[in-house]
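Peer 1: Sending over a structure as structure tokens; questions will come in a sec.
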Amino acid sequence: MSPCSPIFKMSPDITKAWTAKSQQVLKIHDHDFTMRPGFGGPAVPVGVDVQVESLDAISEVEMDFTMTLYLRHYWKDERLSFRSNNNQSMTFDGRLVKKIWVPDMFFVHSKKSFTHDTTTDNVMLRVYPDGKVLYSLRVTVTAMCSMDLSRFPLDTQTCSLEIESYAYTDDDLMLYWKEGNRSLVTDERISLSQFLIQEFHTTTRLAFYSSTGTDRPDLPLSALSMVFELPLLSSPGWYNRLYINFTLRRHIFFFLLQTYFPATLMVMLSWVSFWIDRRAVPARVPLGITTVLTMSTIITGVNASMPRVSYIKAVDIYLWVSFVFVFLSVIEYAAVNYLSTLQERKERKLRERLMCTCGMTHPGMMPLTYSEMDVNTTGNYGLPVENGIKGERMMVQMATGTDLVTGHVDSSAYSHVWIDTHVIDKYSRVLFPGSYILFNIIYWSIYS
């Protein structure tokens, strides 16, 4: 290195110097912060308030919700008091949190949670000269929400986020909402695609654990958290638990478009077969099968996005009743077709007897022939109504004077004949729509 080149001295780490100075001001090394404030005396009061930043997701399949919030704790620790001429507080980041006592809060029934760390740990500690402490952190938590889906999708759900001390019973730590319901603040811009947020409110309860200290009973959560009085067991423990309760009402419009309207249209489409000629098998059978398969697809799609619960949901009732209506329309045609076949056999035998009688009485007259029509398309003509068959009039050209040698038609006339329309089709046109309308009235009056 050249003797003329300047010599650069490394500047001291100001951050370390300030940290050491702050620890001297707070006298951190003079106290044992592994113990709670006022150890051996009354419980230390810890006030809590929460600002909900967002309600990110509600999952019916996983039975949980995800929430991002600012969690703030307030308490007094005289060991952190310091002299201040202007009575100003001192604010620190998360590095000092590991060196002092802070409440050991956790989220009951949470599946996962984390403290945000972009661009640095979202943790703030503020200490006042008289020893009062504000500890704030930004947390995202996914917690369990037991949902009752019996009225889905016309349901209202109530979920709770529960906050509790992990180690300290109410003898050591008194957890409370700092300002009651006003301790919970929500962002007005919070919205969910499927839910309307109706209410946020707070409650406080005591949770009982049969054993205290570091050993927590390995029992179901329902057996652990009791909010009513129990007989005192050996080493009983009562813990303060804070609840953030919110009520959600599901938006129905999405399900009307995606589920209810298509199901209703499929049922109405199945009724079209009642107005189609009962002998048009290629038209009525595919129509019935198509509506049945479409209803099956709708039911499968709805259940694919739902948890496998052991009870019937409101949407299941609507879809399965609609499926039954569609299925019965197919069965209706099967019944009509079967009864019509039986009737046609009787008519065929009766025509054969009449034709034989006509041939013996008028040997010069040819049997009646139908132009472009078969017996199966004309049905009974002028015969009495039997087995629920009702006639509809139709004009058909009949050849009555055919020459025996040339086959020339000497004269022709128009005669009234009858086309079979089964009475079941007539009744179905009224009974099916009427029954379905009645079902809808009852259904929406109960669940809406």
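Heads up, the Cβ atoms here are built off N, Cα and C, so glycines get one too.
Where the annotation comes from TrEMBL, it is an automatic prediction and has not been curated.
The domain 'Neurotransmitter-gated ion-channel ligand-binding' annotation in TrEMBL covers 29-209. As annotated by TrEMBL, transmembrane segment applies to 252-275, 287-305, 317-339, 430-447. The domain 'Neurotransmitter-gated ion-channel transmembrane' annotation in TrEMBL covers 259-367.
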Peer 1: Mean pLDDT for the domain 'Neurotransmitter-gated ion-channel ligand-binding' (29-209), rounded to an integer?
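Peer 2: PLDDT averaged over the stretch: 92.
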Peer 1: Where else in the chain does the transmembrane segment (317-339) make close Cβ contacts, counting only residues six or more beyond its ends and a cut-off under 8 Å?
Peer 2: 259-260, 263-264, 266-267, 270-271, 273-274, 278, 281, 284-285, 288-289, 291-292, 295-296, 298-299, 302, 387-388, 422, 424-425, 428, 432, 435-436, 439, 443
Peer 1: Could you tell me how many residues in the domain 'Neurotransmitter-gated ion-channel transmembrane' (259-367) are helical, how many are strand and how many are coil under DSSP?
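Peer 2: Summed by class, the stretch gives 89 helix, 0 strand, 20 coil.
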